[in-house]
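Have a look at the structure below before the remarks.
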Amino acid sequence: MTNTVPPTEEILLAETGSDRAPRRTSALSYLLSKLGGAAVSMAMVILLGFFAFKVLPGDPVAGIARERQLSPEQIAQLRTQMGLDKPLWQQFVDYIVNVFTLNFGESYVYRKPVGELIGDYFWNTILLTGTSAVLAIALGLWLGQKAGWRPGSLFDRITSGMALVLWSVPTFWLALILLMVFGGTLQWFPTGGMTSPDPPTDPLALVLDVAAHMVLPVITMVAVVYAQYVMVMRASLMEEKSADYLVTARAKGLRDDLVRRRHAVPNALLPAVTLMFLHIGGLIAGAVTVETVFSWPGLGKLTFEAISGPDLPLLQGTFVVFSAVIIATNLVADLIYRRLDPRVRRG
Amino acid sequence: MPDLRFEDVSITYRTAGGGVRGEIAAVRGVDLTLPAGGTLGIAGESGSGKSTLAMSVLRLLPGNAQLTGRVMVGDTDVTELSFGELRALRWADASIVFQGAMHSLNPVRTVGQQILEALELHVADGWKTEAARRERVTELLRAVDLPPLKADSYPHELSGGQKQRIMIAMALACEPEIIIADEPTTALDVIVQQQILEMISRLVTERGISLLMISHDLSVLASACRRIAIMRGGEVVEVGDALEVCTRGQHPYTRQLADAFPTIGDPASRRNPVTRRTRSDAASDPQQSPMTDEVLLEARGLSVTFHSRTKSARAVKDVDLVVRRGEILALVGQSGSGKTTLARTLVGLQQPDPGSVVRFRGRDLPRKGKGLRAFRKEVQMVLQDPTAALNPKLSVYESVAEGLRVQHYRGDERERVAQGLTDAELTPPEDFFTAIPQELSGGQRQRTVIAGALAVGPQLLVADEPVASLDASARGEILGLLLSLRDRLGLSALVITHDLGLAWNIADTVAVMYEGVIVEYGPTEQVLLRPQHEYTRQLLSAAPTIQRAIA
Amino acid sequence: MSEHVASRSPRAMAWARRRTAFARFAREFSRSRSGMVGLVFLVVIVTLAFLAPILAPAWMLDVTKVMDSPRFAPPSWEHPLGTDHQGRELWVRMLWGAQVSLLVGFAATAMSMIIGTIVGIAAGHFTGIPGALLMRLIDFFLVLPSLILAIVLSTVLSRGVWTIVIAIGLTSWAGTARVVRSQTLSVESRDYVERSRVLGAGHWHIIVKHLLPAVLPLVLANTTLTVGSAIISESTLAFLGLGDTTLQSWGAVLRNSMDVSAATSGYWWYVLVPGIAIVLVVLAFTLVGRAVETIVNPTLRSR
Amino acid sequence: TDTAPTVVSAEATATPEADATTFRIATSGFVDTFNPFVSIYLLPTNTIRYVYEYLVQNSAEDGSPTKGLADDWEVEDDGMTWVYTLQDDLLWSDDEPITSADVVYTYEQMMTVPELSVANGNLVSNFESVEAPDDKTVIIRLKTPQAPNPGTEVPIVPKHIWEEIDDPADYANDADVVGSGPYVLESYSPNQSITLRANPNFWQGAPKVDRIQYVYYTNSDAQVQALRAGEVDFVAGLTPTQFQALEGVEGITAHSGEGRRYHSISINVGTVTRDGQPYGTGNEALKDVKVRQALRQGTDTETLLERVMEGRATLATSFIPASFPKWALPADDEAIMAYDPEAAMATLDEAGWTVGASGIREKDGAPLQLRLLVDADDIIEQSISEYFVPWMQEIGVGITVESTDGDTISDRAVKADYDMYFSGWSVNPDPDYQLGINLCSTLPTGTDGSGGTSQDGYCNPEFDAMYAEQRSELDEEARQQIVHDMLVMNYTDTAQIATWYPNSLEAYRSDRFTGFTLQPAEGGIIASQAGYWGFLTVEPVSAEAQADEGGVPTGLIVTGVIVGVLVIGGIVFVLLRRRKMADVE
Ligand SMILES: Nc1ncnc2c1ncn2[C@@H]1O[C@H](COP(=O)(O)OP(=O)(O)OP(=O)(O)O)[C@@H](O)[C@H]1O
Ligand SMILES: Nc1ncnc2c1ncn2[C@@H]1O[C@H](COP(=O)(O)OP(=O)(O)OP(=O)(O)O)[C@@H](O)[C@H]1O
Ligand SMILES: [Mg+2]
Ligand SMILES: [Mg+2]
């Protein structure tokens, strides 16, 4: 659920392998079919977004009234303001309208349009997960191809071993330990947030400030996620390693590392790309816990708060946006794949 | 110019997994010499160590291989070279055309780039500059009869024959002194095969290159090499002059290889494949066919079109065909001509285009339910590849019994299975019950598939390339079985092949297919001895024979 | 092969063959050092979990019975893994917690595997609209942020082990389905399935006789790996406050340690013990899973 | 250091002066809005206390009414009319004078515009009219006489600002706020920080720190770490464990104050609607007061206090916290029942519940099996239930613990779908409201629990009568006596088991700040007061202590990281380049 099992990659590789069978289609129809698939998924997400959350228990007003001195009139007033007194179908219609206006209604807790809230937080999350994803992918690919080239070597054993151990660590636990050690005890890094309470005005100083705040969360996410990429790339390269064209390359007198870099890696990248993007979902799950622990003002933290709200419109909003991000990245993966593999491209 | 010498070369593979195989002695004590400017062919059964030996020349063996002995290129022992020296030797002194060109080219780089790469690595006077190198690529492509534009193609955009030529061009790129060609023509149809062989011979003579060629097909080697070595089980069992080896082989295996080639027009091999079995008495006269006039299966105006998202292709066009009771019909034709598609349509696995007529015993093919099952009882198909057609997890018994269970056979299943295996000459059947496919040889697998089909008791057997994947000795066994079954059980058969010799071996009638159309159809003798259609003639002339090669 | 077995029935022979296949599997597995380490560790943990009621009687978890024992006692001979905020022995909680965590791990995995296998085979086997719909469904579940979905599920259903099992199971099957589907497709394209059709077989026969046996090894390998991630998921749900706090699971222990801020307060053992236990068990499952996978999927063997 | 500009300009926000002192508070609170008419969450309402002065403030000493905007006040007509006189020379933070018109405006908005009554409408529901005969006098006329001062708890807003706003209910009021309290809200960035700035026009003089800043930390451990690291100066809401760990840390003072909250186990007494229709799923057995009393006698709250709260609370007697000694029910009152399992069993026997085979008591074949809802997010509730279950088992009562989330509990509490659940309130210095939500008239009107605000579903006509009496009793001592009797009655009826009044556990950087005012003065709290005293008097310890503020050694680290990233990036770039060049060669 939170983590997609990395070692199944090898099995999945078999599949992407079959995907790679020569299959020429025009760029347009390829794009259209991928877009169509994404659109169907998105429509399903939007429907699920309403019905799944509608069944959530808990009336936000009841929660408020349990803690605060309110008269029945005040409670009724609150319910009206939150639109809770409307019939279900009306709420559904509102929701659909809201989704298409990228608005998602008004957050119960923040009393702001959800779209606006998400807009405020979206880029923070992208900054965090994006940085982590780039680092994790770069690290994973690099270590993975090195390890896969010489399976069983000391380097491979250390790399795979590390990756497997880190993969077995619950994200939030690692985050907490890092927070304790490097934030609280050693005080090397700030303990939370995205900037200092008074962010410096000098742009360079501001960048440094944000970077300092990013170190721990990024380390956490990279540590837990990069393992999957290592394993994908390693398996992929091992699969490629015995390919006949590598013998040809060697026979031509190429140096070993050139054989790897020029011939093996570009081919091994193909199945790896699809799989890596599939794991973006895992990264987002990580964002929820990591942002929560490190108080990173992003969508993950927003989601966490929406759960404890319960802030239904906000939850719907983050759910739809997260899903959309994953769907979009998968679409990108398909397109990248097409660029990388001449066999899928039109001849 | 250096010569190539193998001196007491032995190569063993260590296999980690399973332990079933453990150490494999792939090559054992081989001594061979390829003199400078000479040609040497190596033939032998599959798995006899031919490729392994070839790879040892450039030290390309995988890590789990261990080599003893010496591999001499001129005065240098390849096994003792430093890595740098070895890299310099590779391709510049000796190059290889690998078995299976399909996989020997990097799928994500253009073939031009791949040839260029070799030139860049071994810069010589002829191609010092970038422009000169490009020029040389063009020149090389011309040498192998390819338009220079093809340099910008990716491997998947080329046909098998074209890829094979790219490999040859690449091998020639750095003007090596020795070329090793490992099965350069397998998987090509006879016409392309002939072109490639001719080209290699031409290049070798023109440029004075030494050639080491590997094949399991004696006739192929005979047409390109002056000397031939025969390998079996990792050892060289015979070396000698090509003619000598082909016609007067000393070793029994050599003779077996040579004999397995039927000669079209030779009455001795007509309806008489080389086999260890003695044929039953019923058909003591091989010239006589038990064919009747009763029509079993009939196709009229049969067309099949494959639709994909962007285009549609007609694989079978307007075919008329009749199979009579007791008839063996051979369907021949080049690869991709639609033979398999036609067969699949005839047994109802593929939907024909509207308007096509397929009748079994005068009735349209049933599509589902009881009718379909009853039809399956009467018509069985043996698929192209026996290895793929058997579930690797099921034993021979279960595979054969599968049809009986599906058909709700009421009798004694065990007895029937045993009978099926016996019919297919897997005797005693009990010995094979528990075997799983990987424990069987190719021929045994093929016979298991046939036994499974026969156990159901069909009237018509459609066999798709029943022997294509087998080496010479095994194929005779299978063909013999078909004939004897026809004789004993009155079975009809439609046998698909791209090999005309096979048709001569067993068929009553031959249909020649070319690009989805049946271009020639008639009694075997008529079609093969007095071909009418241009394509049939081409096929006949391209079919390699030892006689022709030596002549 | 050549041994004479005519006296035995085909069924018995099939079993015998399976036995030898299993023996071979076991032999190969025993050769994988990391796989064996993982397996032995798991066996020990499972045994301990089963023996929990004997090794640590239930009263040791009753806070009213342990009022004399010190709270937050660091690990020592007397308190091997230290004590928690109510003076309970941590080793006792871990022992009982193993039961729940493993149960959740296995049950959620079983659920995910069953759904994944059924949907995967169906999506691969049936062509046309049903297959396409199922494939879309798989793709859809693959892109869903499953953590969020699991959160919703565990909030909607009343708290308890089975809720967690369902939440994890329902959100983790898509990966399996994808693997199974691709394997099904590749088997489906094999000639022996076609041969089976020629023999007159229907869907059921093909699925049960050919597809299922072919995908099961992969599913098995996937299973051990999924158990690990299910255990992590359980702890993540507990961390987010969505677990059943009346249960002793490792996630719940970890959650407790966070609730009382053990980490900030210097009670390191309270945080480390459950965390490391999770890491070790998940790692063990992963090692076993990889070893199994290497055997059932020979192309992975290092060449 | 008192140089803050009067009107906070945008530029000033961007560049805080170097020598400005900032007092940072860690928080994780929700913010709905800073609109005093609408805001209902704790953090913004607490912030608003610092921004807008009330007509009458709650005193720091004991929370009793004291000087706010009003200098003094008189009660006329037996509590029907209250006349307030404003202080002289009051100024808003934008230098406009504060007049009685502002007060009237504020009250009238709440009384006439439903959208603006959301937050504090209940406080003015007894108002007949509010008048301003002159600039300095406010007259509040009530519908019924009331003893509690009606001038408290309502933030008075500047009329000249709010009048201009088109839709006051939607006004976020979260930047450059004009106020009258010690601090005004300068800026708010959601989930990151809330910044308050000292108000030089505040009638008691500007506070000594220039700014208060709330900094967001989702996680309470992160808050503690931030305090240790010196990133924040003040943390509230600590767990007893955290508190203990912070005690004795250098530079940090951990402060445990008697709070104004109470905590209890609410019992379903057999919920009925206002017109007597039963609803909900409460166990029949709990309708018997004996059974409820037995539950209380079987609960060892003293042990709980020790083991669960580490003693950081005061044992509770009723729903009025001991920090309001005037009103609270004394612990030595004769009505108080001690922990006595024997007595509990006797009580149950008396009520006809006999011990069955499984050790659970039965009556007419029905077992005494009760459900207890526990918030999975609340370690205190969980811990209590871990003791409660075996104790109840001992007296023969079976307890099923249902662990779930807070929202579900609220939901089920409204629907009366429970036998017992944990409940708690923050209580105002005047007990009137808290007593009021125990009246029959606060029971729900619908059988789905709607229309009610009752604390525990308690209803006793005698109690109602006494409530009316105390409300109009202007003699405080007499009123105290009535309240005491009411609490005794409620205690004996056992609609809840009050467990304790938890201490508010706070910690601050005493190496940097000092001079906090507690409320109540004796053992009181700093944050979450019913007033603005806590941070009003805070002052920096010394100048140099301030200087190294934020001196986390991040600079070096950050530089290191950046250099590292650059190096890695460079290597990647070079590698890419090399491959590219190799490709074109
Ligand atoms: N990498 C390897 N590891 C282990 N065994 C191998 C390996 N490569 C080849 N073998 C085994 O070595 C033997 C010789 O193989 P080789 O490829 O040389 O045969 P071949 O004569 O070229 O056969 P073919 O005609 O089928 O190409 C075979 O038994 C084969 O199974
Ligand atoms: N399922 C399919 N979809 C689309 N095209 C197909 C399909 N199957 C076969 N074809 C095409 O139909 C043509 C005939 O194929 P078929 O397999 O019948 O040839 P064949 O004569 O059996 O060749 P071979 O000797 O190689 O087995 C080929 O061009 C092939 O690419
Ligand atoms: Mg070979
Ligand atoms: Mg074919």
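Each residue, glycine too, has its Cβ placed from N, Cα and C.
The domain 'ABC transmembrane type-1' annotation in TrEMBL covers A:122-337.
According to TrEMBL, the transmembrane segment annotation covers A:30-53 (among others). Residues 92, 95-96, 99, 312, 315-316, 319-320, 323-324, 327-328, 330-331, 334-335, 338, 344 of the same chain, all 6+ positions outside the transmembrane segment (A:30-53), place their C-beta atoms under 8 angstroms from a C-beta of that stretch.
Residues or ranges marked as transmembrane segment in TrEMBL: A:121-143 (among others). Tertiary proximity for the transmembrane segment (A:121-143) is limited to same-chain residues at least six positions away from its ends with a CB under 8 Å from its CB atoms, namely 159, 163, 194, 210, 214, 217-218, 221-222, 225-230, 232-234, 269, 272, 276, 280, 283-284, 286-287, 290-291, 296-302, 321.
With a threshold of 8 Å between CB atoms, the same-chain residues lying at least 6 positions outside the transmembrane segment (A:164-190) that come near it are 2-3, 6, 196, 212-213, 215-217, 219-221, 223-224, 226-228, 231, 285-286, 289-290, 292-294. Feature annotation from TrEMBL assigns transmembrane segment to A:164-190 (among others).
Summarising the annotation, TrEMBL assigns transmembrane segment to A:210-232 (among others). Among residues of the same chain six or more beyond the transmembrane segment (A:210-232), those with a C-beta under 8 A of the stretch's C-beta atoms are 3-4, 6-7, 9-10, 13, 127-129, 131-133, 135-137, 139-141, 143-144, 147, 159-160, 162-164, 166-167, 169, 171, 174-175, 178-179, 182-183, 189-190, 192-196, 271-272, 275-276, 279, 282-283, 286-287, 290-291, 293-294, 296.
Residues or ranges marked as transmembrane segment by TrEMBL: A:268-294 (among others). Sequence-distant contacts of the transmembrane segment (A:268-294) (same chain, at least 6 residues past either end, Cβ-Cβ under 8 Å): 1-4, 9, 12-13, 16-17, 19-20, 125, 128-129, 132-133, 136-137, 140-141, 144-145, 148, 171-172, 175-176, 179, 191-193, 213, 216-217, 220-221, 224-225, 228-229, 232-233, 236-237, 239-240, 300-301, 303-304, 322, 325-326, 329-330, 332-334, 336-337, 340-341.
Same-chain residues lying 6 or more positions outside the transmembrane segment (A:314-337) and placing a CB less than 8 Å from one of its CB atoms are 31, 34-35, 38, 41-42, 45-46, 49-50, 52-53, 56, 95, 99, 104-105, 107-110, 114-115, 117-118, 122, 270, 273-274, 276-278, 280-281, 284, 299, 302-303, 305-307, 344. The annotation transmembrane segment is assigned in TrEMBL to A:314-337 (among others).
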